[in-house]
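The structure under discussion appears below in the form of structure tokens.
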Amino acid sequence: MERWFKSLFVLVLFFVFTASAADKLPNIVILATGGTIAGSAATGTQTTGYKAGALGVDTLINAVPEVKKLANVKGEQFSNMASENMTGDVVLKLSQRVNELLARDDVDGVVITHGTDTVEESAYFLHLTVKSDKPVVFVAAMRPATAISADGPMNLLEAVRVAGDKQSRGRGVMVVLNDRIGSARYITKTNASTLDTFKANEEGYLGVIIGNRIYYQNRIDKLHTTRSVFDVRGLTSLPKVDILYGYQDDPEYLYDAAIQHGVKGIVYAGMGAGSVSVRGIAGMRKAMEKGVVVIRSTRTGNGIVPPDEELPGLVSDSLNPAHARILLMLALTRTSDPKVIQEYFHTY
């Protein structure tokens, strides 16, 4: 009988200490949306032609049991698609769900698994619309989960580490891949295939993860999250904004088509510092006469588009075309005043 009581006492102590340790860990929700990180292929050497969004969130979490030493994790399957199929309506609902989660006292941060092709767009949308300073971290992968040396598991582990760290609060939405922590405002995909594809060439990264430790190096001055004026919690749809590309012989009829399809805004991915051909100028002016807001950006990948009174439209500041489209959609939910919208682009 005495031995039985001793065994029971040890068992009770074990559960008490286990529960105590779990209570000290941050509570992180992992929202899965699909992408290559949840991709599956026929063989371990196949890194193209795989099916994105084939695996569920529980499979992703169970593949990295170490995450449970970093946080109390809970998985939620929000969607399961290749990110080229992500739409504004889905991202709007994603932002609303994240806001719901972060409003809870029992949630300390959110990790979102996503495809690499459009992760910068989704991340920037949430960067402008999440109303909390709790960490929100997007994570992705360039190789499917079934690949030899898949990058997804380590990326997921590091994303949970970042989301659970108190230093991560108030930094806006972040994107974590390959040991680097990028701001959603600046990060962009720069290579179609290589692992080290996400960069912020001009501005640099927020930090890095080395040897299981987070080293933050920068903060951004641009407004975001709790300091953003954009609130989508009650929205059901977003204004339609298209991107038109500038190139030799770019035709005016592209603007005609956009106008006919009822766009509210056009982002021009221009040559150089937002240069526009005579055909593009004619198209822009025609669109602006119809009340369409036009933003000039650059197709170069880096640099600021400065104001030019001789050219029509507003300027994107340092936002690339994909990011500029996100900001213009949100701006149009509040105003169509060009002066106010231009100030948004210099502020966010």
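Easy rule for this one: first residue shown is 1, then count along the chain.
Cβ atoms here come from the backbone N, Cα and C positions, even for glycine.
Taken from Swiss-Prot, the feature active site, O-isoaspartyl threonine intermediate applies to Thr36. When secondary structure is read from DSSP and collapsed to three states, Thr36 (active site, O-isoaspartyl threonine intermediate) falls in the helix class. Taking Cβ-Cβ distances under 8 Å and a sequence separation of 6 or more, the neighbours of Thr36 (active site, O-isoaspartyl threonine intermediate) in its chain are Tyr50, Ala52, Gly115, Thr116, Ala140, Ala141, Met142, Arg143, Pro144, Gly152.
According to Swiss-Prot, the feature substrate binding site maps to Ser83, Thr116, Asp117.
The feature domain 'Asparaginase/glutaminase' is assigned by Swiss-Prot to 26-348.
Marked as signal peptide by Swiss-Prot: 1-21.
According to DSSP, Asp117 (substrate binding site) is assigned to coil rather than to any helix or strand.
A C-beta separation below 8 Å, combined with a sequence spacing of at least six in one chain, links Ser83 (substrate binding site) to Thr33, Gly34, Gly35, Ala52, His114, Gly115, Thr116, Asp117, Thr118, Val119, Ser122. Listed in chain order, the extra residues whose Cβ falls within 8 Å of the Cβ center of the substrate site residues Ser83, Thr116, Asp117 are Gly35, Thr36, Ala82, Glu84, His114, Gly115, Thr118, Val119, Ala140, Lys189. Of all the binding-site residues given, namely Thr116, Asp117, the one with the smallest number of surrounding CB atoms inside 10 A is Asp117.
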